[in-house]
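Visitor: Sending over a structure as structure tokens; questions will come in a sec.
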Amino acid sequence: MTWTGVADVVAAACILLGALLALIAAIGVVRMPDLLSRMHAATKPQVLGTVLVMAGVGLRLRDLSVVGVLVLIVLLQMATSIVASHMVGRASFRAGQVRHDLLVIDELSSEPAQDEPRGAP
Amino acid sequence: MSPVLHTRRDGTTRPARHRAVQPPAVAGLTLVWLALWGDVTPLLLVGGVLVAVMVCLVFPLPPLHLSFRVRPLALVALVGRFIVDVVRASVEVSSVVLRRRQVSNAVVAVDLESSSDLMMTLVASMLSLVPGSVVVEARRSTHTLFLHVIDVRDEEAVERFRQEALALEQRLLRAFPARATGQEEAS
């Protein structure tokens, strides 16, 4: 097999694995009991999934001009998923939408009242 | 962080623009521009720099003082360990999703050793990218991160997670050691 054939097989494996991770993320959103657990399922396996799909696309196209866009997609996906999951998690915690029965330890709620106003940086 | 403010003669303020154009930001934005076009030609390079300068002028940000050095070997160790962590944790979270079992979670407080905002941001981002933990609250005054961790069964597991998070911070501090204070004042 030539190297292009090998690259095609690797690319197919990467894309399939990435798609599988995205599927697991979707199943997780349906199955998880509360919002914060859903955030884990929805945002995280899918980051690795995106990286794998992009690697697969890059290996299949084998075109230098596409690599820049692919790297950009991965970096922006990482940057935005961090901020999005943090903001949604924080908002739900502050709104009291937390299933305390699912928490083994909660070191944030047991913290003494803070002087900082809520929303302080 | 709020932008540096410039006071007008009538007392009102506006974001200061005179130092908004920072070379690292311009270089980064130009790279993004070239990546989007997928090509490098002199015309694209000039256009990219122009667009980058325009973006910096329209959306001014306070200057970022990068007062640290980079140790290449420690950086490679950091990135390598991070990739291993992401893959391992992705598999773990996937198995939690696929098992039909009640999950038990925890909210863990991690007191960071470093007092720099930049380090705190980096630790928080890396911990967020590793599946299984989300930052729900960050307290800048005490450098404490509150993380929601999935699939934690007992106090022992909580302690293990805390140690892992602190170990990540140590790896970061080794990769980006702070410059000596004398140099920091000079810059």
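Yeah, the Cβs are placed from backbone N, Cα and C, and that goes for glycine too.
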Visitor: Would you mind telling me which of B:20-37, B:74-91 TrEMBL tags as transmembrane segment?
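Guide: Within the set B:20-37, B:74-91, TrEMBL attaches transmembrane segment to B:20-37.
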Visitor: Given a Cβ distance threshold of under 8 angstroms, which distant residues of the chain, six or more beyond its ends, lie next to the transmembrane segment (B:20-37)?
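Guide: The answer is 44-45, 47-49, 51-53, 55-57, 60-61, 63-64, 66.
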